[in-house]
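K.L.:
Below you will find the structure I want to go over with you.
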Amino acid sequence: MVFTTGMTGYQETLTDPSFAGQVITFTFPHVGNVGTNVEDLETTTPAARGLILRADITDPANWRSAKHLDSWLKANNIVGLCGVDTRALTRRIRAKGAPNGVIVNAPDGAFDLPALWGKAAGWPGLEGMDLARDVTCAQTYSWDETEWSLRGGYGRQAKPRFHVVAVDFGAKRNILRCLAETGCKVTVLPAEATAEQVLALEPDGVFLSNGPGDPAATGTYAVPMIQGVIKSGKPLFGICLGHQMLGLALGAKTFKMDTGHRGANHPVKDLETGKVEITSQNHGFVVDEKSLPAGVKVTHRSLFDGSVEGIAVDGKPVFSVQYHPEASPGPQDAHYLFERFVGLMEKRG
Ligand SMILES: NC(=O)CC[C@H](N)C(=O)O
């Protein structure tokens, strides 16, 4: 059970593959007011296990709405509970860490609470779980949709200037859109791709996506791939799970946070410029700063708890962030990171 404090973008949140295995509590009480549509999906098969709401689902009143959130949830097999004291639940999660939970439907009121409790308590939790394998793409594909083309843009788009291989650990679509928007032709590879497979496509740069589960578990196969890419000297950019696994590939450690960061208003400081960005976040694991080897610097830091929000390797075109520059939902303060990645590819010629 986790909570998110984002006040908008429930459909993007519910379809973010990084929520696999988790039930989402929305601290914002009125959810459903803009309905659902086909453009705001971050993946076609939502991976979140359920949602908890304060108020009943609000009726949609928005020109983009194609379906009531209630029917969309039913169509997508996502179970939800309304009428829950989400403030109390959030305080519980914040005070004692994310607990295991079950959502039960017992119309006759008869259910065996101790047995259910035992079932929830017996769930091993996200630590040690490789969930990227469940949500990655089945095969290689190419991506060229941008925000602009999605919204019915007309005319010709600028020709892509760089070829990026994106390794999909549960990628959000808007990341791929942002890469395409910044001038990249994107080839998406399944999570278990090897360095040889990635480099055989002769990319100008390599991208490591977000994704669910424990970075250490997915890292068992992703870390050797990442190390191979670093050795090649190609520009490398990672987001969230991609960032955590880059940390592992460089020799650092990750650990599970008590509560995690989930919301759309997390202040992060860029330590180079001193500028503060308001960021979108969704993570429960984090890179352990103490374990970072020499030659790897912390570039961004959370102003909520001081944790590592970005790293870069000295003298190499390799960097990553813990938060979500693609927003979706959330503010777009950090979009410059996509340009930074393209800048690194430009520099290499
Ligand atoms: N959004 C993500 O990529 C999440 C990464 C990882 N599964 C975590 O919870 O920390």
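Placed from the backbone N, Cα and C atoms, the Cβ positions cover glycine too.
Okay, these came from TrEMBL:
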- 1-162: region 'CPSase' (REGION)
- 1-104: domain 'Carbamoyl-phosphate synthase small subunit N-terminal' (DOMAIN)
- Ser18, Gly211, Gly213, Leu241, Gln244, Asn282, Gly284, Phe285: L-glutamine binding site (BINDING)
- Cys240: active site, nucleophile (ACT_SITE)
- His324: active site (ACT_SITE)
- Glu326: active site (ACT_SITE)
K.L.:
Nearest to Gly284 (L-glutamine binding site) in three-dimensional space, by Cα, is which of the active-site residues Cys240, His324, Glu326?
P.N.:
Cys240
K.L.:
If you measure C-alpha to C-alpha, which of Cys240, His324, Glu326 (active-site residues) come within 10 angstroms of Phe285 (L-glutamine binding site)?
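P.N.:
For Phe285 (L-glutamine binding site), the active-site residues whose Cα atoms are within 10 Å come to Cys240.
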K.L.:
Round to the nearest Å and give the CA-to-CA distance linking Gln244 (L-glutamine binding site) with His324 (active site).
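P.N.:
Spelling it out, the Cα of Gln244 (L-glutamine binding site) and the Cα of His324 (active site) are 13 Å apart.
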K.L.:
Would you count the other CB atoms within 10 A of the CB of His324 (active site), including those on all shown protein chains?
P.N.:
26
K.L.:
Cys240, Leu241: which of these recorded positions has the sparsest Cβ neighbourhood within 10 Å?
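P.N.:
Ranked by other Cβ atoms within 10 Å, the recorded positions Cys240, Leu241 bottom out at Cys240.
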K.L.:
If you measure from the CA of Ser18 (L-glutamine binding site) out to 10 Å, which active-site residues from the list Cys240, His324, Glu326 are inside that radius?
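P.N.:
Near Ser18 (L-glutamine binding site), where near means Cα within 10 Å, the active-site residues are Cys240.
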K.L.:
Within 10 Å of the Cβ of Phe285 (L-glutamine binding site), how many other Cβ atoms can be counted across all chains shown?
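P.N.:
Here the count is 21.
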K.L.:
For the L-glutamine site as recorded (Ser18, Gly211, Gly213, Leu241, Gln244, Asn282, Gly284, Phe285), determine the largest distance between any two Cα atoms, in Å, rounded to the nearest integer.
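P.N.:
For the residues that bind L-glutamine, the greatest Cα distance is 13 Å.
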K.L.:
Test of understanding: give the count of other CB atoms lying within 10 angstroms of the CB of Gly284 (L-glutamine binding site).
P.N.:
22
K.L.:
Of the active-site residues Cys240, His324, Glu326, which one sits closest to Gly211 (L-glutamine binding site) when you measure Cα to Cα?
P.N.:
Cys240
K.L.:
Taking the mean position of the Cβ atoms of Ser18, Gly211, Gly213, Leu241, Gln244, Asn282, Gly284, Phe285 as the L-glutamine site, which residues outside that list, in the same chain, have a Cβ no more than 8 Å away, listed in sequence order?
P.N.:
Asn210, Pro212, Asp214, Pro215, Cys240, His283
